[in-house]
Amino acid sequence: MGCLGNSKTEDQRIDEKAQREANKKIEKQLQKERQSLDLFRSIWTNRFLRTISVILFLNKQDMLAEKILAGKSKLEDYFPEYARYTLPPEATPDPGEDPKVSRAKFFIRDEFLKISTASGTDKHYCYPHFTCAVDTENIRRVFNDCRDIIQRMHLRQYELL
């Protein structure tokens, strides 16, 4: 007579294994987010870069949206403050964008902006952009930010800012 204690079917074991693998992958991706924040902090606070402005590309927004909508990304598990996060008044979600996706992407953006504004100095600025590989508007936005950086640099140089 066989063992009755193990009632899981082969399909259930396969499903559990697939779920564990998916969880590991998500955890690894969220760990990368923490590492990105740490790297950004070290660059932003580097004494040699304290007057250099940064254009921050928050890339792969299409993949983030896919994960959020599929319920695969649980930001609150890794960022407890996400549970209380609300969109800032100046946030402008893309037309037709799911509110969950908007909340997630602006939360990530704001984590970087917290780092860039923590020093309280106006010697360098962070220009964040949500991007994906097929976004053709990137060049226009980057050009506008480069122009702004150059203008601020000159205004500061001539003590007009």
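In case you wondered, yes, glycine gets a Cβ from its N, Cα and C as well.
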*Per TrEMBL, which of 1-20, 21-40 is region 'Disordered'?*
1-20
*For the recorded GTP site formed by Asn59, Lys60, Gln61, Asp62, Ala133, which further same-chain residues have Cβ atoms within 8 Å of the site's Cβ center?*
Met63, Leu64, Thr131, Cys132, Asp135
*Considering all pairs of residues in Asn59, Lys60, Gln61, Asp62, Ala133, annotated in the record as contacting GTP, what is the maximal C-alpha distance expressed in whole angstrom?*
9
*Could you give the number of helix, strand and coil residues in the compositional bias 'Basic and acidic residues' (8-20) as assigned by DSSP?*
11 helix, 0 strand, 2 coil
*Any idea what DSSP makes of Gln61 (GTP binding site), helix, strand or coil?*
helix
